[in-house]
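Here the structure is laid out as structure tokens; the discussion comes afterwards.
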Amino acid sequence: MSSPFHHLLATLFCAAFLLQASSSSYAQLSPTFYDQTCPNASSIISSVLQQSFLSDIRIGASLIRLHFHDCFVNGCDGSILLNNSATIESEKEAVANNNSARGFDVVDNMKAALESACPGIVSCADILAIAAEQSVAMSGGPSWAVPLGRRDSLTASRALANMTIPGPFDSLDLLKSKFVNVGLNNDTDLVALSGGHTFGRAQCRTFDNRLFNFNSTNNPDPTLNTTYLATLQQLCPQGGNRSVLANLDLTTPDTFDNNYFSNLQRNNGLLQSDQILFSTVGDATVELVKNFSSNQTSFFERFVVSMIRMGNLSPLTGSDGEIRSSCSRVNGASIIGSSSDDADLISSI
């Protein structure tokens, strides 16, 4: 490895340590939480993930999205993984997740492998956090020590998921308020975590409002590069299949890098909620986009800090919640009919 790479890793781990030490909420979690009870937890998850990457290059982006959508609803507690039951309205069927969120089968495989090795020890919420970090690292992005020790929720909230998860049509003010409302900041956390769209896919239905009749103007979104617009119009014609997938990053769609931000500067952001970070003249987000576009190390460092901050939102610890034996149901509960099993068939990221 080169010395710059060593320097980057040292910086990232230092950032993680300082961030953990700076807040009492972080002190509840620790990267060494499973060292005695399930020392191979990370490698077990990694093995399943590596196998999944062989058949599904998109799985990394899908798993980090599950972690993101989980943390925005009552904190990082694995609630997004719960299926419908007599007492639970699954978050899988919230607007942001229905026929969109995917990777649940891979999480189930990770959980099964962990239950075989160390039953009743590793939470589903921690699986999501570890899988998100590994997905980034395996795709060319930074690595960091993930604070662990979360426990799993006994409930889910589809209603809250519908209100709190940031969406592709949100205004910049709404995006900012959603970040602030969960305990993140409305500039660096927002822009850095949006950079997660440097890999993965999105369905036409998440951006085709920009292609022909933006805001009822009978014209396309003026912030769309005209060449890129023509490509997207061909991919997603009016009246066409709105489940067709487009790359979130048209340059390096399966690599975790800073090209997402360079795309925004060329008006090549796929989602309205992406492009708005650069097209809102005078906003602090514009300078952050410029900085991350010109300095990938700066982006990676800030992304790590923001991911740790997000991963520490309202964790269940101690005797709160439980360690689910199956990620899709609370312990002792049975599943009733749920359409969420079909969620992997039509997917967004």
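Even glycines carry a Cβ here, placed using N, Cα and C.
What TrEMBL says about a protein is an automatic prediction, not a curated fact.
The active site, proton acceptor annotation in TrEMBL covers H69. Taking Cβ-Cβ distances under 8 Å and a sequence gap of 6 or more within the same chain, the neighbours of H69 (active site, proton acceptor) are I80, E91, A96, N97, A101, A161, I165.
Annotation source TrEMBL lists Ca(2+) 1 binding site at D70, V73, G75, D77, S79, E91.
Annotation comment: TrEMBL describes P166 as substrate binding site. Cβ contacts within 10 Å of P166 (substrate binding site), excluding its own Cβ and spanning all protein chains shown: 20.
Contacts of T198 (Ca(2+) 2 binding site) defined by a Cβ separation under 8 A and a same-chain sequence distance of 6+ are given as L248, D249, T252, T255, F256, D257, N258, N259, Y260, in order along the sequence. What TrEMBL records for T198, D249, T252, D257 is Ca(2+) 2 binding site.
As annotated by TrEMBL, disulfide bond applies to C38-C118 (among others). Long-range Cβ neighbours of C38 (disulfide bond) (same chain, at least 6 residues apart, Cβ-Cβ under 8 Å): L114, A117, C118, I121, V122.
The Cβ of C71 (disulfide bond) has V182, M310, G311, L313 as same-chain neighbours under 8 Å, each 6 or more residues away in sequence. The disulfide bond annotation in TrEMBL covers C71-C76 (among others).
Taking the Cβ of C327 (disulfide bond) as centre and 10 Å as the limit, one finds 22 other Cβ atoms among all the protein chains shown. Positions annotated as disulfide bond by TrEMBL: C124-C327 (among others).
Over all protein chains present, the Cβ of C236 (disulfide bond) has 23 other Cβ atoms lying within 10 Å. Here TrEMBL flags C204-C236 (among others) as disulfide bond.
If you take every residue in the domain 'Plant heme peroxidase family profile' (28-331) and average the pLDDT, you get 97. According to TrEMBL, the domain 'Plant heme peroxidase family profile' annotation covers 28-331.
Under the heading signal peptide, TrEMBL lists 1-27.
As annotated by TrEMBL, site 'Transition state stabilizer' applies to R65.
Shown in sequence order, H69, C71, F72, N74, C76, G78, I80, S153, A156, S157, A161 are the same-chain residues outside D70, V73, G75, D77, S79, E91 whose Cβ sits within 8 Å of the Cβ centre of the Ca(2+) 1 site. Rounded to a whole number, the C-alpha distance linking C76 (disulfide bond) with R65 (site 'Transition state stabilizer') is 12 angstrom. Between the C-alpha atoms of G75 (Ca(2+) 1 binding site) and C204 (disulfide bond), the distance comes to 29 Å. Of all the binding-site residues listed (D70, D77, E91, D249, D257), D257 has the fewest other CB atoms within 10 A of its CB.
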